[in-house]
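Student: The structure under discussion is supplied below as structure tokens; questions concerning it will follow.
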Amino acid sequence: MKRTGTKATTKTTHRSGRQRPAPPEDRSYKVLNKAVGTAQHRYDMIADGDRVCVGVSGGKDSLTLFWFLYERLSRIPISYTLFPCYVDPGFEDGFGGVLQDFFAQTGWPPLRVESTDCGIVAHSDANRENPCFLCSRLRRKRLFEVSAELDCNKLALGHHKDDIIESLFINMCYAGEISLMKPFLPMFGGKVTLVRPLALADEKDIQRFAGHLRFPEFKNPCPSAETSKRSEIKALLEALYRGNRKVKGNIFRSLSNVKTDYLL
Ligand code: SF4
């Protein structure tokens, strides 16, 4: 694990008496804060009294998500409880313990680490589908189980705009369907709602924000980490974005502008 600083621990005291993590003096904070606020407003994502299980992967996205959900608590008129949870896929050299230490040092609520063999099962001969499809499904299932155990009515995940676009292309190319990750999705008859507060945020802003706060970097020990279908689609889309800077915005807008009369 690479640790380069402790900026994420810096705090100021808010007039409410709660400790407020100091935002970085960088445009990325304002841009992301606006994106999170707009998503919250548009989808009414998190309400007063919610119990929110937050899926933490150790990547910059979920750490940024947690930072914002925690920081907003100190300055918005509603209150909710956060339960961060990391589902360890079970590879050797996992980083669950180090991630737990980072949460403790930062003063965040304790991180629950769930040990599983999702990644191992996904790479076994018994699995006939793409390892990432099965691994993600199993880890998501475990997160729903933890949410139910903790009596959480929301499960927050750190997917952002780029992930949502990639999910559309992955589903079209490898599942033969047009579908994507929704920002707000009630499940199990409304018992728990999956929310993605970074749904309107760009990955590059998250990267910059995480860099300014010097979040730790964890190397994923999974053998598929660099060769997943997602990496292929990502590279394809990046080539498209480089060719025309309007492409990404247009793809994202098209997701709310579907002309069903012009589909088969
Ligand atoms: S890269 Fe590895 S750990 Fe990540 S979803 Fe794919 S199989 Fe699971």
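For all residues, glycine too, the Cβ spot is worked out from N, Cα and C.
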Student: Of Val87, Val192, Val195, which one shares the ATP site with Gly55, Val56, Ser57, Asp61, Gly158, Asp163 in TrEMBL?
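Tutor: Same ATP site in TrEMBL: Val87.
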Student: Within its own chain, what residues at least 6 apart in sequence put their Cβ under 8 Å from the Cβ of Val87 (ATP binding site), listed in sequence order?
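Tutor: When sequence neighbours closer than 6 are ignored, Val87 (ATP binding site) has Gly55, Glu114, Thr116, Cys118, Arg139, Arg142, Leu143, Val146 within Cβ distance under 8 Å.
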Student: Can you check which residues sit near Gly158 (ATP binding site), meaning Cβ under 8 Å from its Cβ, same chain, 6 or more apart in sequence, and list them in order?
Tutor: Gly55, Val56, Ser57, Gly59, Asp61, Ser62, Leu63, Thr64, Leu65, Phe66, Arg196, Leu198
